[in-house]
Amino acid sequence: MLIKLLTKIFGSRNDRTLRRLRKVVDEISRMEPDFEKLSDEELKAKTEQFRARLKEGESLDKILPEAFATVREASKRVFGMRHFDVQLLGGMVLNERCIAEMRTGEGKTLTATLPAYLNALSGKGVHIVTVNDYLAQRDAENNRPLFEFLGLSVGINLPGMPAPAKREAYARDITYGTNNEFGFDYLRDNMAFSPEERVQRKLHYALVDEVDSILIDEARTPLIISGPAEDSSELYIKVDKLIPKLVRQEKEDSDTFQGEGHFSVDEKARQVNLTERGLILIEELLVDAKLMDEGESLYSPTNIMLMHHVTAALRAHALFTRDVDYIVKEGEVIIVDEHTGRTMQGRRWSDGLHQAVEAKEGVEIQNENQTLASITFQNYFRIYEKLAGMTGTADTEAFEFRSIYKLDTIVIPTNRPMIRQDLSDLVYMTEVEKIEAIIEDIRERTSNGQPVLVGTISIEKSELVSNALTKAGIAHNVLNAKFHALEADIIAQAGQAGTVTIATNMAGRGTDIMLGGSWQSEIAKLEEPTEAQIEKIKAEWQERHDAVLAAGGLHIIGTERHESRRIDNQLRGRAGRQGDAGSSRFYLSMEDSLMRIFASDRVTGMMRKLGMQPGEAIEHPWVTKAIANAQRKVESRNFDIRKQLLEYDDVANDQRRAIYAQRNDLLDVSDVSETITSIREDVFKATIDAYIPPQSLEEMWDVEGLQERLSNDFDLNLPVKEWLDKEPELHEETLRERILEKAIEVYKQKEEIVGAEMMRNFEKGIMLQTLDTLWKEHLAAMDYLRQGIHLRGYAQKDPKQEYKRESFAMFANMLESLKYEVISTLSKVQVRMPEEVEALEQQRREEAERLAKQQHLSHEVEQGALMSKAEAQIATGERKVGRNDPCPCGSGKKYKHCHGRL
């Protein structure tokens, strides 16, 4: 009550921020007449003046009013477009490390030019991040004339570009690209074998367009670069043939199962579990298929791999549906993004799930991959010195932006008042009744000349509506993941009178729907349009525009509620841009996914009590409230998933930063001999300590064991026992010094053969290669640890604390292993001439190139993305782990006594 009263008196934080910024807007507007008097050359010269002032120590905030006035005036001259006052407000919010919520059609692309110009003046680079390549290219090309007029360079970072082209794009003042490509380039830079292979500069300022989509929708899953692992295609095919013999256990109500099925499905958690009856049957089937010995249990340690394949196949059959979760195109399984409905070419599910789906669909199974490098978007974007974002719908997620990214959300007022009508939801008992009602609504509205946009949540649903419209004889365009090459053009013309467009979720996001269609698209189709032609097209468009406005503007039909209210709001936001007329309505049925999983029991009971007849709809505040509660439940669950992912990834992130810093230091120096000398002392001290404990009696020494270890691991055949027998005065400290001296002596002999310069290159190469191998193995072991850590909760231990403690111990072990492996490799390598070292170096370079070609980039779309192939890799002994080495799972046991015996 008190907070409400104080807000009424002083205004909300949002109001206070806007009041403060409006004073700066007034200052910029007062400068406008003076800037209008400047010649083009004088206006262009402002850029160098600002740069000089920044070098003299002036702050960005001090030059902001003049810089924004410069961009506004340049935009008027280059584009004939003047930034509205609300766009200036948006630009200032973006400069203050905040998120600007700007409604659809308010000109976010033009708004971005203001903070991009200001922050590019420092010369450190600005990254403008978009959700897809099309938008990155479009925005870069559209804004290039403005930035180049002001003397700034523009680059585009696209997938598949060669490294020199990427380096050139990053060297520009402003670089456009997608979130995935920026993230993957960061990971690739930290896998480079020379400084010249790196493409990014230090991460300075990121301006994220559609920030909710990138930092929230895609934050549950990390970016992963993986390489090929062992081929087990045959096993996927054999296991897949057994799954159809298993029967799903049906639910009695929302929480309990009934009947005697072989497996249960938890749709909320996206998990599948074998029942006792199912376990017995699958074991019998596996024995019959000769995949398991009779009398063995599927849960025995020796069958970890087999259990993994059975689980993956079950999930592929029970949880993943063709044309909803993925499509099959030209013999390839392509994932469909649940948030946008777009296909995600080149991305693959982890945990063998993708291979299981390929086996189910009978297409060629591609090899599994093991993680080489990974990072979450949360941790990638937090590396930037300065981060800001803009979107049409952020306010509902303001708490998450604040708690995870330390970004405040400021709602920017619209340039004109919004007059769109948002009609109440209509709920039907069945999907068939709902589709019939949608068709009737479309028929009625199009007959009046009103354009209609139908939003669906999957390709399957869009095809269902499309088929119904075809049967009803209503012409329409379909916009989904199968046809997204035509997206922009179809969306641009979706505002034509009587046009019906079906779009999955947010397909075509970033392109405005203009009432009456897009006159720009019509002009673009003409090769060399004359002034008369342009004026004629504009006049015809104005007539169409006015007619559509009179008919009621664009009407939005939602065929289902999305899990997130924010995405429903995005769909509604396609109508009513810039104060245009428009309307929206959602049609729901009790068979919709959200209603079935989260809101079914209470609402169905309510509808039955009301005695609903077939074809009849319910429109009641109780139903709306139940749906809103269901959405809140899902949003809360998804927030918890993202928060938990971040808490676990923060542990890995500290280690990642340490490894990448060490790697970059290695790349940037040409001589690592001092590091090698220091490491050699540590390694030999630890090795000798294992056989000759410090300050111990001679009877406790294991001299033979030490001789054998020095010979096996360092190729040093030293007569230690003979020295001790012949020299009784030889004590522990002197012996240690002699062993180290002999090791250095042998190493120097090698160096004399090949030359100091070649040896330095060789040392650096071995250090990098060993670091990469051990880091890759460490990632796999961390994934494996993560998979089972939740079980510690049963022992009354906090899984997160246990994960932190164990992963730190594993990391410390990895660093010790790194030292040991480097010295062992350098000691054991036999060189007789320089050509041999050069050949070894060439072999290492070729191996690195081969791995680079086979790298697989994935932004995993399953929450289990971090739980990758670790268990399988350890179990199959794929990794080069010695039998007497510590097991990479972190148990502390020797490999042969732990996962080496599986």
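Cβ from N, Cα, C; glycine included.
TrEMBL lists Q87, G105, E106, G107, K108, T109, D512 with the feature ATP binding site. Counting Cβ atoms from all protein chains shown, D512 (ATP binding site) has 19 others lying within 10 Å of its own Cβ.
Sequence annotations record features per position, and here TrEMBL assigns domain 'SecA family profile' to 3-619.
According to TrEMBL, the domain 'Helicase ATP-binding' annotation covers 89-247.
What TrEMBL lists as domain 'Helicase C-terminal' is 434-635.
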- prompt: For the ATP site given as Q87, G105, E106, G107, K108, T109, D512, which other residues of the same chain have their Cβ within 8 Å of the site's Cβ centre?
  reply: M102, T104, L110, T111
- prompt: Which whole number is the mean pLDDT over the domain 'SecA family profile' (3-619)?
  reply: 83
Message: Which secondary structure state does DSSP assign to G105 (ATP binding site), in the simple three-class scheme?
response: coil
- prompt: Which of G105, G107 has the fewest nearby Cβ atoms, counting only those within 10 Å, among these binding-site residues?
  reply: G107
Task: Within 10 Å of the Cβ of E106 (ATP binding site), how many other Cβ atoms can you find? Include all protein chains, please.
output: 24
- request: Could you check the binding-site residues Q87, T109 and say which one's CB has the fewest neighbouring CB atoms inside 10 Å?
  value: T109
- request: Would you mind checking how many other C-beta atoms are within 10 angstroms of the C-beta on K108 (ATP binding site)?
  value: 22
Recorded ATP binding residues, Q87, G105, E106, G107, K108, T109, D512 - maximal Cα separation rounded to whole Å: 17
